[in-house]
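S.K.: Structure below; questions to follow.
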Amino acid sequence: MQIFAYSSVKRADEAVRVAEPRECATAQCCDEHRFCRFWASKGECTVNPDWMQKNCQMSCQRCQSTTPAAQNPFILHANNGIRRQPPQPSRDLPQGCSAVSTRLVDNRRVLAPEDMQTIWRTRPCSDVQQAPDCQTNLCFHLKFRSFDGTCNNLQRTLEGSAYTTYSRLLTAQYDDGVQAPNMQGRPSARSLVTFLLSNRAVIPLKANSLVMSFGQFLSHDITKNALQGQCACGDNSAQCLNIPIPGTDPRSRSVSCINFKRAIPACASQLGSIRQQINENTAFIDASTVYHSNARNAEGARIGAFMRTSVLGGMAFPPIFAQKQELDVGDSRNGIFTGLAMFHTTFVRLHNNIAGQLQNINTHWNQDRVFHETRKIVGAVTQAIVYQEFVPAILGPFFQRLVPQYRGYDSTVNPSILNEFSSAAFRLHGMIQEFYPLKDSGFRTVGNVPMQDTFQQVRRIIGGNFMDDLYRGLMQTPARSPQRITTFMTETFISSDMGSVNIQRGRDHGIRPYNDYRQLCNLSPLRSFDDWPEVKDQAVRNRIRELYNGNVGRIDLYVGGLVEDPVGNSVLGPTFSCIIAEQFTRLRDGDRFYFENPSIFSDEQREAIKQVTLAWVLCDTSATTFGQIPARAFSIDESGSQMSSCASLPKLNLQPWRE
């Protein structure tokens, strides 16, 4: 679904006027340039969507018949429609296929993280994913996801795939109109954190800290900026955007800057057009944190039907890179927080538990069939948790208004990650607490873990009942309201300042001002700091007025969205809620493998997946026996009335997969 962008900034390539004959499919859908087909074959419909979809509508396959689609009522939409595929029972072979295909034959150069190091040494931009010929492996693509996300959409084959550019709600805004960071007329990112966002005060939420930890895990499933190397203080090269620390700042005694390197842009966006950033992960909620976002690494992570593990202390764990203090799993950032490493371990165990059961149920399946069916189920379970538990916990009572009811797969929806989502709205580091308790099986405190002691300490999850104890501690600890960021995250954590980095990342990515997104989300434009109904604290409004020199039009999206008061019992204010809801609607409706799509699972399989909860997943993969657990894993259960035994929770019934 597309969005009306209220923007005066035009792409450089939009200035090109075409004076040659048009090629049209209909009177309303034409190619305005003779090279449209060539550009489309090179993937420009995805790399350069703003210009291509306007001027090369036919080659970008924008000529569809439309019917009204359910839409987010808090965002302004163009009148786009739905084109659904006919239901296909998953037990039947895909039409025209004589057998279930479990192998991909791919002659493309498929990008992987290690390629970025080589590319970055030779030029200041990166290649993007090459478009495959989906017909070559059509029988595979009709039943299973590719690892890199290609051929999810069988017409626009690169949408949502790894190593493609982020999409945008609004066109980018750079100081030079092309690529210079959006810094003009704005205060230092560090001053905004020091005088506004950093605060020791803790305002607890009704959602618990498991929301924060799972949110990190989910974020690493769907987003990863292309970054290589670091910038030393004093390095003023084009790719460095270090954040100065003034002499009056207490941190100036030890460091002179917050290190910051710009995200690697796509090479296609270096050729005179606007700079666009690359997402190294697939956009889809597909458990790529377990399986990787490229086939090369995915094959190395498995042994037959199972994920590679090491047995330590009688329990299975993903292999550990001892020198890096990281797990060898689908995303390399797993060592940032011990709770993140725990979720990686949990979902690797979930895969192996399901694979073992499927192997027993269908003894005639080969190892590839068991692996891909299991991967498909684990991705579906992750989606069920996201849409039935996590997103409602973030959006609160407005979830059903902001995220329309599912109406089927819509091949016209681009599921790619929005730059505004990745660079601003979903950067919720303010939810992190400085300490987390360890709770035994009776939910009694038996210790605590300082957040600063969890960075690159993945071996801690191996000892005794540590994982279960910390999971229970996260469930019993309220998440911090994200409107302010704990001083630990701005002054201590990994010797950086996550608040300043978040602000600078938005400027690096050319994110437009906060006011533009208010209008996009059907909020009245902000004309005065005194008339800002979403921020009730006059002291906050005064401080922002001072920092931005009274210019409401220059407020960063990250800053303006973050300081908005939460709506009702939700976690966020209306602007970030709007952007997050739009993103998760796109990720659902534009994913052909979303688990509720009738073409993907049978009715019985779909109902089995709907019964699954995060609480059951934790029970099923526990090192010990959880015993009692809150049935609603993301809610604080102060009275204990929501406690359930693991044995009483609905389990994943795999009998519908019996053949």
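Residue numbering: from 1, along the chain as shown.
Glycine too: its Cβ is placed from the backbone N, Cα and C atoms.
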S.K.: So, in TrEMBL, which cysteine from CYS24, CYS29, CYS97 is disulfide-paired with CYS63?
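M.R.: TrEMBL says the disulfide from CYS63 goes to CYS29.
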S.K.: I want to verify one value. Collapsing DSSP to three states, which class is HIS429 (heme b binding site)?
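M.R.: Its secondary structure by DSSP: helix.
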S.K.: Over the domain 'ShKT' (29-63), what is the model's average pLDDT?
M.R.: 75
S.K.: Measuring Cα to Cα, tell me the gap between CYS29 (disulfide bond) and HIS429 (heme b binding site) in whole angstrom.
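M.R.: Cα-Cα distance, CYS29 (disulfide bond) to HIS429 (heme b binding site): 44 Å.
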S.K.: Residue counts in helix (H, G, I), strand (E, B) and coil for the domain 'ShKT' (29-63), per DSSP?
M.R.: 17 helix, 4 strand, 14 coil
